[in-house]
Amino acid sequence: MAGVPNTYADPVHIAVIGGTGLQTLPSFTLAATLTPSTPWGTPSSPISILHHPSPTTGKPIPIAFLSRHGLHHELAPHEVPSRANIAALRSIGVRTIIAFSAVGSLQEEIRPRDFVVPDQIIDRTKGIRPFTFFEGGMVGHVGFGDPFDEGLAKIVRKCGHSLEGEGVTLHDRGVIICMEGPQFSTRAESNLYRSWGGSVINMSALPEAKLAREAEISYQMICMATDYDCWHESEDVNVEMVMGHMRANAENARRFVGAVLDELSKEEHGEQVLAKHLDGQTKFAGSITAEEGRSEEALKKMSWLFPGYFD
Ligand SMILES: CSC[C@H]1O[C@H](OP(=O)(O)O)[C@H](O)[C@@H]1O
Ligand SMILES: Nc1ncnc2[nH]cnc12
């Protein structure tokens, strides 16, 4: 956009990854538009740096916003360059990500337009998406028992509940089934996922959550149900239905995200927002490959992402 700077001097600690139907956060002031390139390519979209007024001081707090499927939803779930997205966000200072996702509901009580703050994921992607920073001569294993950040989830839940009665219904926990897509599930699959205890289904939680963990970024997804997938006797899921519910409830989704940003902005330099509890985990995860076994190429990439960890 003409006149908008393409650099931003200060580190940006908080990011929002917008999903289907949430491709912008129009109520904030655009301070810069960044187009970083990373050793894993360029992100899905330019990164908008938005100024969010701190609810306590009024001072503008920078928030990075990235549109997962591109500015015009041109990237299919398996084409989203998640490594570039996460690497680019980390490189500008991001340590906390709120990720938004439109999901199918696998449970009667999660009705279209309800929100869910999930706490678990079952991986039904097919291994065709690049899913780790650790490869090609540097091995690393990070813990993923709890794929989301419980400290961040608590903040998100509190904000969601504060909007209850104003059109927001929130489910505090849930298991996301992350499928490959882009086709929706068969009815047999949908019923299988229900029998596994799945709450909601999408195509985007992975590898995003795994890569955020490797990058030592606190990550929580906020899901909004847009359909009952195909297990339910009501209509079968289709894009029109997803977009219809998304459009109808986009204002609530934006208010929810805005409330979370208010809360996080109060603690922009706090331990939770800076993910201090994750600091250094990747240095140890990657120390399994002895120095003499590390490839130059892998080392170069990892040193770009984690300056000082492996040099
Ligand atoms: C348009 S329905 C399928 C599509 O919607 C979800 O997108 P996102 O998670 O980015 O909001 C789902 O994961 C699929 O990518
Ligand atoms: N039913 C569904 N399956 C997978 N991803 C979805 N995103 C929204 N609805 C979905």
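Numbers run from 1 along the shown chain.
Any Cβ shown, glycine's included, is placed from N, Cα and C.
Here is what TrEMBL records for this protein:
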- T20, R68, H69, S101, A102, S204: phosphate binding site (BINDING)
- M203, D227, Y228, D229: substrate binding site (BINDING)
- 14-261: domain 'Nucleoside phosphorylase' (DOMAIN)
- S185: site 'Important for substrate specificity' (SITE)
- V239: site 'Important for substrate specificity' (SITE)
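Put simply, M203 is the one of the binding-site residues M203, D227, D229 whose Cα lies nearest to the Cα of H69 (phosphate binding site). Listed in sequence order, the recorded positions among R68, H69, S204, Y228, V239 whose CB lies under 6 angstroms from an atom of ligand 2 come out as none at all.
Of all the recorded positions given, namely S185, M203, D227, Y228, D229, V239, those whose Cα is no farther than the 10 Å limit from the Cα of A102 (phosphate binding site) are M203, D227. Under 6 Å, Cβ to nearest atom of ligand 1: this is the test, and of the recorded positions S185, S204, D227, Y228, D229 it is passed by S204. Sequence-distant neighbours of S101 (phosphate binding site) (same chain, six or more apart, CB under 8 Å from its CB) are G19, T20, I176, N202, S204, A205, M221, I222, C223, M224, listed in sequence order. For S185 (site 'Important for substrate specificity'), the nearest neighbour among the listed binding-site residues (R68, D227, Y228, D229), judged by C-alpha distance, is D229. Averaged across the domain 'Nucleoside phosphorylase' (14-261), pLDDT for the predicted model comes to 96. Within its own chain, R68 (phosphate binding site) has I17, G18, G19, S44, L75, V80, N85, A99, S204, E208 as residues 6 or more apart in sequence whose C-beta sits under 8 angstroms from its own. V239 (site 'Important for substrate specificity') is 10 Å away from D227 (substrate binding site) when you measure Cα to Cα.
Just so you know, the Cβ of V239 (site 'Important for substrate specificity') picks up 11 other Cβ atoms within 10 Å once every protein chain is counted. Cα-Cα distance from D229 (substrate binding site) to V239 (site 'Important for substrate specificity'): 11 Å (rounded to the nearest whole number). Proximity of M203 (substrate binding site) to non-local residues of its own chain (separation of 6 or more, Cβ distance below 8 Å) is seen for P77, H78, C178, M179, E180, G181, P182, given in sequence order.
Per the record's binding annotation for substrate, residues M203, D227, Y228, D229 show a top Cα-Cα distance of 15 Å. Pairwise Cα distances among T20, R68, H69, S101, A102, S204, the recorded phosphate-binding residues, top out at 12 Å.
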